[in-house]
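Asker: To start, I am sharing the structure in question, which I have written as structure tokens.
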Amino acid sequence: MSGPASSTGFHIHAEGLHGRNVQPSKPTSDGGVAPTALGEKARVEEDERTDSEKKTFGRTPDGTIFTVPPTRDMVSQLLSPSEPKNLSDIFVLAIISCHIFLLRFLPSSSRVAAFAIIFLFWRAAYNIGIGWLLHMQSNGRTLVCWAKKSNIFVNPSTGQNPHPVLYNLLKWELETKIPEQYSFEDAPTEYNTWLVFRRVVDLILMCDFTSYCLFAIACGGRPAGEGFIMLALRWITGMSLVLFNLWVKLDAHRVVKDFAWYWGDFFYLIDQDLTFDGVFEMAPHPMYSVGYAGYYGISLMAASYKLLFISILAHAAQFAFLVLVENPHIEKTYNAPPPRKRVAVDTDNVKPQDDDVSQDSSVINDNVYSGQAVATLEPSSMHNLLGPHNIDLYRITDSSVLLIQILFSALAILTPSTPVYQFFFVLNAALWRVWYSVGIGYILNRQSHCKMWTRHFVKYGESNQEAWQQWKGTYHLSMTMTYASFIAATWKMYSFPQDWGYGLVLLRHILGASLIALQIWTSASIYESLGEFGWFFGDFFFDQSPKLTYSGIYRYLNNPERVLGLAGVWGAVLITSTKSVIFLALLSHTLTIAFIQLVERPHMQKLYGQSLRRDAGLVRSLKRSLPPSLKQFHGSVDKILDDSIEFIEEFIEAARPKLAAGVKTFVKDTSALFQKYPARITISRLEPDLAGYDQKDYSISLEGTQSSEPAQFERASGKEGEKARSMPDRRGDKKNLMFEYGAPIKVKWTAPLNHSKKDWIGLYMVTDNTSREITRISSQGRWIGTNKASFDSLTCEQGLISSDIVINKFREDGEPKDVASGEMVFSGDKLWWTQGVFEFRYHHNGKHSVMAVSRPFEIRIGRFDDDAIYGDRYGLVRAAIESALLPVVQNCFDRDPEIAPQTVEEQYGSLVDRNGKYSRRVVFAVHQMFGIEFAPEVVRADGNVRNLAWRICNAKKVLAPYSMSRTNGATTPTAEHEG
């Protein structure tokens, strides 16, 4: 991997919610509040305040600006005698006391099981309960909707609050806790909701921590036969981890304050810049990574495997909480895609590519927005290698690697573990490691100095792109064989323990597996930061070096592969405890460090010069904590290392003529797609009482963009009888409803004046429901409520235009009647992104009782007919493809001006690269229109409609011999072609 994070893209590193920079607010893509400056009002107030009266300003989604009062941390509020106590504090302390009394009075035989269940309950309340609440709040602002619907924060004197006792209790509770700069009546609903949510979080977090400590006490003991030295080591190490954990929590709270500690930005945003130092420079997501070191310290002091396993389970649950709840919200709130740069394009000067455009054109830079520049370059390939989802057995790289791995695994499993076989497997692993570091290092060193690898392919008329692809295959094969041979050698040297409870056997396996998992995570983080370009040392092959960025794991470490990237080999050492594996681990680590110092580092210095960072975040944090004498010692050690490395480089340079050799290898790589099949939940709910509602008063009518003419005429395919080939006679004035793929559909509805405010309309496939009276399948999010503020989510209101407009209409029996009417638009994620026949269903009172069903309508993508284009000119065909493709791409991108292009040259919005659903929609449409199947990565790589049209034209040319259409391939000669 090529040094620090090298990438053509711009990266914003998003920390965990408990540790992220609260940046100035900007608008988000969904129209909600996002971090940007909070307006002139905040600035004026800020100018007027003195340094001693600094205030923090918050902003709600509707734009309300308010002063955020200072709050105290949870532990101080609960345990400090100087802090005023209210009813909720007493309740939390009482629950904690019950836990302690339970430990005291439970019989010793049942304490462990009881407190294991209690701790798992509170951990589930944290990760599942709080996680669900935050997920719903992030996506639909559910908690705020609950508060507004119940009117619990509205003054009872207005007559709108049906819960005056609850109102007074909350007012007393919150104003007692926040005596300064806070008024319960004047605070926004979002802020009050957050304060109530905080009290729930306080209860769960305190009980979670208390039950864990009590569970540790119940499990604690001293192993039989343990000596004093081991006892002292256990307790010293355990206490050190606990103290480190305590420092992490305190330092994290010092940086992020209560706002981020209690997930405040799920409710509102603040105008404040936080300085990230200390623990946030040491590790990613420190609250969830190193912030759980105390769990393992307590497990070590308790000497209990039960406690250790539950600690690992709780830690894993916390990471799941981070991935499923916090990270999506962080990405949506703080890492919204930047506005698209639009460049005026002189279309008169943009010439279409010729039919025989060179296959060796340069790769398009993703950051180039000039339509003219992009239009004249051939789109690049996006056939990635790494990852199980990229395995493609049609590629010789992937198929060869897979076959070799199968053969290698068979040899390792089927051969006996005799000393002779063990020797050959260890020797094989050592040779592959030497090749991976020395051989690959030599190639990269020569490539850096004289472009040796590229020159070889140019000599035979190949391009730089071909050299790059061949190199990727060589490196990928070498890497997979290196680790496969190491795993095989480890397997040969490993023997299953006869007694897992003997000594440290089980602990060694747990620590070894943890180190292996750490290496896998490190490799995934490196790949996420570098991409394929950096992973395969792309800056050794392309002079137009990308911008140097430090994102992801490189924010904390300059060379993570130096230590963490080899944690797995030392995990294997712990598991096997054999000298041979120790030798392989030492060899691997030594050669890796030599590779970094002798190959990567000189090239990075030559390429990036002074822009290279000397110290990473972790090193800076450690240096700040060192005394001056140790800092001087560190500097002298660095000088010695630099002098030694310089001597080795000079020695190798002098000996190079004697070591000359050619290096050749095979080509192999990985890519295939695993598809997820969404499960459907069938829900049957029948409204018990529909009396008083006449279904004749309900109706649904549709408006949408009619599909293209080719789609209308495709029903007559020539396979029918003669009568069926003509257009059908339609009786009545209603035309067939056939809408464009992905186009918004407007739904107009009517209902009785007294209809339920919780009525809703859903979109379904016609074949999904056999009953017209009740819907028996979930809408999977494709529904909209007929009235605002009727459901506990704002998502169901997206697309709602109007509600309860009284109109006079004639019913089917001819009787005029006043009814309520409304309009809504289904678009984006509320549509089906496939072809078929669909219908809308009007449902009663939040249930699944059907009151009205719309006319069935069809979504169809018309086939592109290039036979209709006069002649066989490439330019005409491509122009026609561009014209047909542009509206389809716009529909696939939800017609969002920040994403969808307005012209064929305009670049797609950056959100297309982040969310794969957009590119998957496009490749489906292209497959249906042109019969050509692309991978979603191709759409992202092309970047605009013109490049995609070029790729379609090129694919049609390549596949022309297999087509029987006149323009696409050879056909049977006709009389006019003969003679």
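Every residue, even glycine, has its Cβ placed from backbone N, Cα and C.
Keep in mind it's a predicted model, so treat the numbers as computed, not measured.
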Asker: Going by the topological domains in Swiss-Prot, would GLY227 and GLU561 end up on one side of the membrane?
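Answerer: In Swiss-Prot, GLY227 is across the membrane from GLU561.
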Asker: Between the stretches 114-134, 282-302, 305-325, 475-494, 566-586, which one has more Cβ pairs under 8 Å with the transmembrane segment (399-418) than any other?
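Answerer: The listed stretch sharing the most Cβ pairs with the transmembrane segment (399-418) is 475-494.
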Asker: If we skip the immediate neighbours and take only residues 6+ beyond the ends of the topological domain 'Cytoplasmic' (108-113), which ones have a Cβ under 8 Å from one of its Cβ atoms?
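Answerer: Residues 215, 218-219, 306.
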Asker: Could you give me three numbers for the topological domain 'Lumenal' (521-565), the DSSP helix, strand and coil residue counts?
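Answerer: Helix, strand and coil residues of the topological domain 'Lumenal' (521-565) number 27 helix, 1 strand, 17 coil.
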Asker: May I ask for the residues of the chain that lie six or more residues beyond the transmembrane segment (282-302) and have a Cβ under 8 Å from a Cβ within it?
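Answerer: Those are 15-16, 18-19, 212-213, 216-217, 219-221, 234-235, 237-242, 244-246, 248-249, 252, 308, 311, 314-315, 318-319, 321-322, 525, 552-553, 555-556, 617-618, 621, in sequence order.
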Asker: Taking contact to mean three or more C-beta pairs under 8 angstroms, with sequence separation of 6 or more, is the transmembrane segment (200-220) in contact with the transmembrane segment (305-325)?
Answerer: yes
Asker: Please identify the stretch among 87-107, 228-248, 500-520 with the greatest number of Cβ pairs below 8 Å relative to the transmembrane segment (305-325).
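Answerer: Per the Cβ under 8 Å count, 500-520.
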Asker: Under a criterion of three or more Cβ pairs within a distance under 8 Å and sequence separation of at least 6, are the transmembrane segment (566-586) and the transmembrane segment (87-107) in contact?
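Answerer: Contact criterion not met.
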Asker: Sort out the residues at least 6 away from either end of the topological domain 'Cytoplasmic' (221-227), same chain, that have Cβ-Cβ distances under 8 Å to it, and list them.
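Answerer: Non-local partners: 302-304.
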Asker: Count up the helix, strand and coil residues in the topological domain 'Lumenal' (446-474) according to DSSP, in that order.
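Answerer: Grouping H, G, I as helix and E, B as strand yields 24 helix, 0 strand, 5 coil.
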Asker: Which of 87-107, 475-494, 500-520 has the most Cβ pairs closer than 8 Å to the transmembrane segment (423-445)?
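Answerer: The stretch with the most close Cβ contacts to the transmembrane segment (423-445) is 475-494.
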